[in-house]
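Scroll down for the structure; my scribbles are underneath it.
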Amino acid sequence: MPHDIDDPHSQPHSHLPSDPVLRVRALETILTRKGLIDPAALDEIIDTYENHIGPQNGARVVARAWAEPEFRAALLTDADTVLAELDLNGRQGEHVVVVENTPARHNMVVCTLCSCYPWPLLGIPPGWYKSDAYRARAVREPRKVLAEFGVTLPAEVAVRVWDSTAEVRYLVLPMRPAGTEGWSLEALERLVSRDSMIGTGLALQPDDAAARGAQR
Amino acid sequence: MGGRYGDGQIEPDAEDAPVFSEDWHARALAVTLACGSLGQWNIDMSRHARERLSPVDYTRFSYYEKWMAALANLLVEQGVLSREDLRDAPGIVSEGASEGEPPAKAHPLSPRRLAAHKVAGVLATGGPADRASAVEVRFQPGDRVRTRRSANTLVDGGHTRLPTYASAAQGVILRQHGSHVLPDCNAHSLGEAPEPLYAVVFKAGALWPHAEHPGDEVVLDLWQSYLEPV
């Protein structure tokens, strides 16, 4: 029997139902009955990442960096101090480095070993960020990967890929689009996409944003 | 898997796609986080548990299936649950966990259960990995270094955060991150052994036989013991 309880070589997880929906429910049930987890706490965790912590947090930081040179300088020098003041340094964002895109360099973030990502700024990573294809290819052929996101960089722009191999999390500060001088922080935030802060996208242009209903 | 050949196109999802594409993904993430609060393992043990899944499981499981399998394994390996507990766990919807049934018998770890009102605080605090260390800083930004072979030198076949693709490669120290917990040690309950951590920049041509562009670079965060001077 492959799942014999006495087989010390089978991995313990093989005793659970194989269907993932039933598998999660079985674990949740047994842990709840033993008093080891509280289903209400699970609801709270899910609500936090579905509704409260997401790319809107990072967009606020980026918009402010575009608008306030002193804030930008502090963010690039010591993001941890700046983010702590904004209460944006929680779980999976304990150590953050912000890297700035320039006309000469485009930054892009990956975690080839697992799925490290700055949760307090961007929330839970999207499916593609956790996919084998992105993890395998981003470091070796970033320009082909970018093309699949609709981004084509000229040859004179160097690509620097950050592989998050430790507990340091990286946020890309995208370039501010031209034609946004004098815009409010709220209007600037609407130009900051999640992908632009991972580096697989660019900030939206004013025309794109207008199409999405942004207003000055 | 960094640098691996043979993977297909990336399928970007829309910016406004749901955070969790399936309800069970959300439950899997939340159960894993809540179990972390029991304090029976650290983040490096947790990552290592996912890497230790059998090659067949690692390949066939989706992302959150890996999380679930690794969690079940850790719970048994650390003595929190038994194999019988897993086998006998009800998986029927009508016996759902949200009914608020009292525990059959008090588990010794139940006082550590993450309470709903503690969630916000726990998520906001996180778990910093920087530590004071007696290990002397050996490298400065601009120093040329070479990585060692990708293998855990403390535990045969053990966990490491030096990817294979960056083995025995020459790069330059870009920045110092202070001293951080060493995963190679911490993943095996051998202590945190903090040591200096650096961002090291590699020319694409130093890593790949056919770099897309000679000016492109890859940066990795690497511990001092992964590096030797050039």
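Don't overthink the numbers, they just go from 1 along the chain as shown.
Heads up, the Cβ atoms here are built off N, Cα and C, so glycines get one too.
The Fe(3+) binding site annotation in TrEMBL covers A:C111, A:C114, A:S115, A:C116. In the three-state DSSP assignment, the secondary structure recorded for A:C111 (Fe(3+) binding site) is coil. A:C111 (Fe(3+) binding site): 21 other CB atoms within 10 A of its CB, across all protein chains.
The domain 'Nitrile hydratase alpha/Thiocyanate hydrolase gamma' annotation in TrEMBL covers A:21-200.
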Binding-site residues: A:C114, A:C116 - member with fewest neighbouring CB atoms within 10 Å: A:C114
Near chain B - the binding-site residues A:C111, A:C114, A:C116, filtered by Cβ distance under 8 Å: A:C114
PLDDT averaged over every residue in the domain 'Nitrile hydratase alpha/Thiocyanate hydrolase gamma' (A:21-200): 97
Sequence-distant neighbours of A:S115 (Fe(3+) binding site) in its chain (C-beta under 8 A, six or more apart): A:P125, A:Y129, A:K130, A:R135
